[in-house]
Amino acid sequence: MCGIVGMVGENLKLEDLVTSLQKLEYRGYDSAGIAYLGDSFGVYKKKGRIDVLKNGLKQKLNDRFFVGIAHTRWATHGEPNDMNAHPHMDCKEEIAVVHNGIIENYREIREFLEQRGHVFSSETDTEVIAHLVEEEFEGDLLDAVLKAVKKLKGAYAIAVVHKNVPDTIVAARKGSPLVAGIGSGVGILASDVTPLLRFTKDVVFLEDGDVMVLRKDGFEIYNTDGVKQQRRVYHVNWDEKAAEKGGYKHFMYKEIMEDPQALVNALVGRVKNDRPFFEELEYYEELLKNADRIRVVSCGTSYYAGLVFKYFLENHTDIDVEIEVSSEFRYKRPHIKEGDVLIAISQSGETADTLESVRLAKKHGAKIVSIVNVVGSTLDRESDVTLFMNAGPEIGVAATKTYVAELAVLYLLGLKIMEINGYWDREAEEILDKLVRMPELLENVLRKDPQIRELSEKYKDYRNFMYIGRGYGYPTALEGALKLKEITYIHATAYQAGELKHGPIALLDVDFPVFAVMPDDSLFFKTKSNVIESKSRNAPVIVLGTEGNRSLEEITGDIIHVPPTHESLYPLMMAPVIQLFAYHIADLKGLDPDKPRNLAKSVTVE
């Protein structure tokens, strides 16, 4: 989500630190900053591009420093501005910290530290780390960081420097990546290997719970109890361009592989005492209590995620959920009354039609709950409540990990609505438990990548596809068809499986494959009959089904299995498969899936 760089050594110039930080620009960010110790201890940070930061430092770029840390920020707590940019400092301005991740218990820590006399200058969760290290510091920076991280809950990668410790960076990792290496007279760490490659190709990847002491000539790694750890050194053969993509050929491929982490990021801090928890909704639960109808507006992939939410909430409550494509809603007479709830979903928070739909709904008295990935975006600012996806920057035009993240937030929101309206039961407990366990299962799904690529090779030359599904399988079919259209330019259409006989089946023949989304759910046998109908028209069939479902054995065709889960969660479980199938076809056809023709990442015009 953010980018971290740390350097310690001799003969280093500030330009080296800034240039290394620029190697992380591809990750996306809204502000940047550095802290450095040379002839003096300084911090400089600015909202905007690294070029803005660099321009402000232009008189100092040739200044020498001994130790420095740098950061690109993607806002999660506090809007994007100079004050909230990293690094953050302690009260004495002796300690500087950069951080990637989310500190779940930062409010409790902040209250404790304020009672101890600490004064805060930002709205971020990160600043508590600097003050916590200050609170624990008694001359040993490692010891202070070890004590501090034991009090943190959530995900983090941090790098800490102290003005009185000129030869050391202390770094720690839990849930967010950090990699380090030693070059000629320089120790360097970063969020990924890209900034390291100018100095060394021999690197060590920190593991969860690791705390590292980095110096110019070496490093030590400890666990949080202060016991030394051994970590393998890897030799990296990537060049810098490949390293930006983590060694993957395309950003889209990398971002699909980040689906499990995106799910973790969306869930972190949002489950307490085995119940869904949204700090953002603390003062707005009345909005969702006793609601008899909820409206949803969104576009594209976000619309399909909204459909999943509709099915989920209507299957588990008596609440009606009406969902419309934003470009239609904004031009209709809105049947909205004072106090109605409208949920707006947009990765960028800048989708023009969704913004206009929100403005129309607000004129009629609706309260807006938005689900957004970009903090400080227009939709964020114009909403009553914003629930962030926390997926981090997504570079590829086609939504992948943000689809997973918005689904996760919508499931949690649905469960929260169930809880506050008296629908909480043992099945809700089961769904939440399986949702929390889902990241590990998504890792298992991604291990099927070679099989999916083989299937893509087999089907890449077809010119038409029909995706079908029932219930929760239908939004997945819609999203699968959209992915294929977006990046392969193959015509793909999606239907409710029960609609085949009402017209679409006339299209099917040996040159028109059917991609059937059919998890082992209450509608499985209905969908199975539609697949058999399709095969009787000689259509090639791909089935996306569930491991252990022996009824799939009766279907001859290509089958991809995913692990079993609660039937409402299959859209999450199956997302990586439909993404990888489309990605590999695009790649095998020699297309660039990161930049499909005629498409933009954020649709900011009508």
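Glycine is no exception: its Cβ is also placed from the backbone N, Cα and C atoms.
Some features that Swiss-Prot has for this protein:
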type: ACT_SITE; residues: C2; note: active site, nucleophile
type: ACT_SITE; residues: K601; note: active site, for Fru-6P isomerization activity
type: DOMAIN; residues: 2-217; note: domain 'Glutamine amidotransferase type-2'
type: DOMAIN; residues: 284-423; note: domain 'SIS 1'
type: DOMAIN; residues: 455-596; note: domain 'SIS 2'
Residues of the domain 'SIS 2' (455-596) by DSSP state, where helix covers H, G and I: 71 helix, 27 strand, 44 coil
Helix, strand and coil counts within the domain 'SIS 1' (284-423) (DSSP): 62 helix, 28 strand, 50 coil
Nonlocal neighbours by CB distance (under 8 Å) for C2 (active site, nucleophile), same chain, sequence gap 6 or more: R27, Y29, H71, T72, R73, W74, H86, V98, H99, N100, S191
